[in-house]
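**Student:** Can you read through this structure? Questions will come right after.
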């Protein structure tokens, strides 16, 4: 009986400790869900057209979440999944072409994703930093660096708490196995990310 | 002369038939050619815009043709044609009409997916009736290509059958689609 009592006590203590440590992990970095539903986030791209102008477009459907604590910026994490079929450059035939085998091959690769690995170059008291992570696009996974700038954070008028960032990066299409020839001026796509997260 | 009657086709049916043949073969060739072009070819933009314009003209012609067919008396089958031949000929025609209609419809749907109507050489812009989502546009594209090939195959059989009727069976099948029927009650059968 005594033995049982002792083991019960241990079990309860373990459970309490485990629970406590779990909550403390959660308290360390706030978890945010990207407000894609309210469209307070966008994934835009631009690429030079012939070298004479910019062609811009975006991905309409994506989802993701991130953790961010202004006191521990280097522990931030972000994870985004993009529906590649949602590419939109405001031109039906071009978008059809972009979804096809010359570019995104969306039937084979319906998703692209970005998973962060580490945060570097934290500057300006955590307002600016680089997110290094793996981008999987067109079935190819490659490490990229996104330069991020915090836009702001605080309470929203509806009882929630939000934090928002903007990020820039560029990728060479060839690096991801997309080698349709758009000409020498159009090898690199610039990605512009606007992310607003709602604290969970 | 203009209208069809029991003995054969009139000029309108004959002209519409052969104009459709030319348009379909041209659209098929142009479609394959333009989708194979790389970005820096001169026809990269000209090809699709010509394809869409001719396609829309063919769509108007085909709708008019179906109405015309509805209100015209179809010529009687030639007396030497067996039931099997009549069945084969009619099936080929029905299948061709269905395929042509589907290819025209899917072509139109590909262009309207993002709310902008296609135009005929910049003269007339067609209204947008449906905006398909990405998956359905891609499906429409696949149907457009496969059915276009099917049109060519069935039309080739249809044409081959006409040649067999002309050169082997030696009846008036092909001549009826070349020479307008006389309007008079003249029952002369030869030509």
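Glycine residues also receive a Cβ, built from the backbone N, Cα and C atoms like all the rest.
According to TrEMBL, the feature transmembrane segment maps to B:9-30, B:50-71, B:83-110, B:146-169. Sequence annotations record features per position, and here TrEMBL assigns domain 'Cytochrome b561 bacterial/Ni-hydrogenase' to B:9-179.
Situate these features within the shown structure.
**Tutor:** Here the transmembrane segment (B:9-30) has long-range neighbours at 1-3, 47, 50-51, 54-55, 57-58, 61-62, 64-65, 68, 72, 75, 100, 148, 151-152, 155, 176-181, 183, meaning same-chain residues at least 6 beyond its ends whose C-beta is under 8 angstroms from one of its own.
Within the chain, the transmembrane segment (B:83-110) has long-range Cβ neighbours (under 8 A, six or more residues past its boundaries) at 20, 24, 52, 55-56, 58-59, 62, 66, 77, 118, 126, 130, 132, 136-137, 140-141, 143-144, 147-148, 150-151, 154-155, 157-158, 161.
If you look at the transmembrane segment (B:146-169), the same-chain residues 6 or more away from its ends with a CB under 8 A from one of its CBs are 21, 24-25, 27-28, 31, 80, 88-89, 92-93, 95-96, 99-100, 102-103, 106, 175, 177.
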**Student:** For the domain 'Cytochrome b561 bacterial/Ni-hydrogenase' (B:9-179), provide the mean pLDDT of the predicted model.
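**Tutor:** Overall, the domain 'Cytochrome b561 bacterial/Ni-hydrogenase' (B:9-179) comes to a mean pLDDT of 94.
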